[in-house]
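Sharing a structure here in structure tokens format.
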């Protein structure tokens, strides 16, 4: 079968002919229709320090996808051949305290599809049936293929009450932009998103952000004054992993504010903890998606009228995968879809 693999410990991704994966007793065999390129895949392509310390070589990569069930193990229940599915990319152990307590997204033994085990950039993928999510008929393949990053946005955004609140999002990558759309959809008052990438800031405004702020050109506190804000942001969503962005968030949060952090800093990050203490801030780390509450919320948000389709800006056939990666690496894109049909 065709597959995209990290063949060598150097920059790049390569098309290979890989063996079709074998199906275990509790597994689904999924024929892939569409995949999306994640920022993680770009890290793997670039072969940065994180990738060098994490990714086994060679390995098929990718973890954002939609496909059709074409085979299943003898113990599988609840699925039928032909079901359209996406899937949770975090494979959990099922026996640690958090798994047994129903907090599977906090499994200490998590294995990532396309990160620690064979991924979805292939004609076929095998995952445990537990990890599969049936896609409702009224949700398109394009949207279903980005449920993984959309889930990161939903999990982060819905960590705290947003109704009538003022929200600051630092980092206008695709996940930050989708989070802005979620915040507006569920009733936030002002949603301000910051970055230095003009293309993505414009995309954020199309997706519903009240103000998209290029912090290289504008002062965030001036924008707050322009919006009539007098006490600071109630909720912060840190999506960038950039220390200066987080410092700006701490400066502009209201007392008693709440921060959800999804962005991963490149190294140790020093902050002024006195601001956290004296402002009484709550900081919550976010990893992945809640299984499977986030998935049901994703489907419900779309079915209730949330439109995230503008975040998908490029489509390529799988044979044009290099152009897809080039688009993602340029920063002049939203989500990039690779078609396998």
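Note that Cβ sites are derived from N, Cα and C of the backbone, with glycine treated the same way.
Residues or ranges marked as active site, charge relay system in Swiss-Prot: 40, 43. The feature Zn(2+) 1 binding site is assigned by Swiss-Prot to 38, 63, 64, with sequence analysis given as support. According to Swiss-Prot, the Zn(2+) 2 binding site annotation covers 93, 96, 99, 107. According to Swiss-Prot, the feature NAD(+) binding site maps to 175, 195, 200, 262, 263, 264, 286, 287.
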Taking the residues 175, 195, 200, 262, 263, 264, 286, 287, which the record names as binding NAD(+), find the longest CA to CA distance and state it in Å to the nearest whole number.
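Max Cα-Cα spread across the NAD(+) binders: 23 Å.
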Near residue 195 (NAD(+) binding site) in space, meaning Cα within 10 angstroms, which of the recorded positions do we find among 38, 40, 63, 64, 96, 99?
none
Using a 10 Å cut-off on CB atoms, tell me which of the binding-site residues 64, 195 is the least crowded.
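Fewest other Cβ atoms within 10 Å, among the binding-site residues 64, 195, is found for 195.
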Can you give me the Cα-Cα distance between residue 286 (NAD(+) binding site) and residue 43 (active site, charge relay system) in Å, rounded to a whole number?
19
Which number gives the other C-beta atoms within 10 angstroms of the C-beta of residue 287 (NAD(+) binding site), all protein chains shown included?
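There are 14 of them.
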Taking the binding-site residues one at a time (99, 262), which has its Cβ surrounded by the most other Cβ atoms within 10 Å?
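Sorting the candidates by Cβ neighbours within 10 Å, the top entry is 262.
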Which Cβ among the binding-site residues (96, 107, 286) has the fewest C-beta neighbours inside 10 Å?
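Each of the binding-site residues 96, 107, 286 was scored; lowest Cβ tally within 10 Å is 96.
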Are there any residues at least 6 positions away along the chain from residue 263 (NAD(+) binding site) with a Cβ closer than 8 Å to its Cβ? List them or say none.
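Spatial neighbours, sequence-distant, of residue 263 (NAD(+) binding site): 170, 171, 238, 239, 240, 241, 242, 245, 246.
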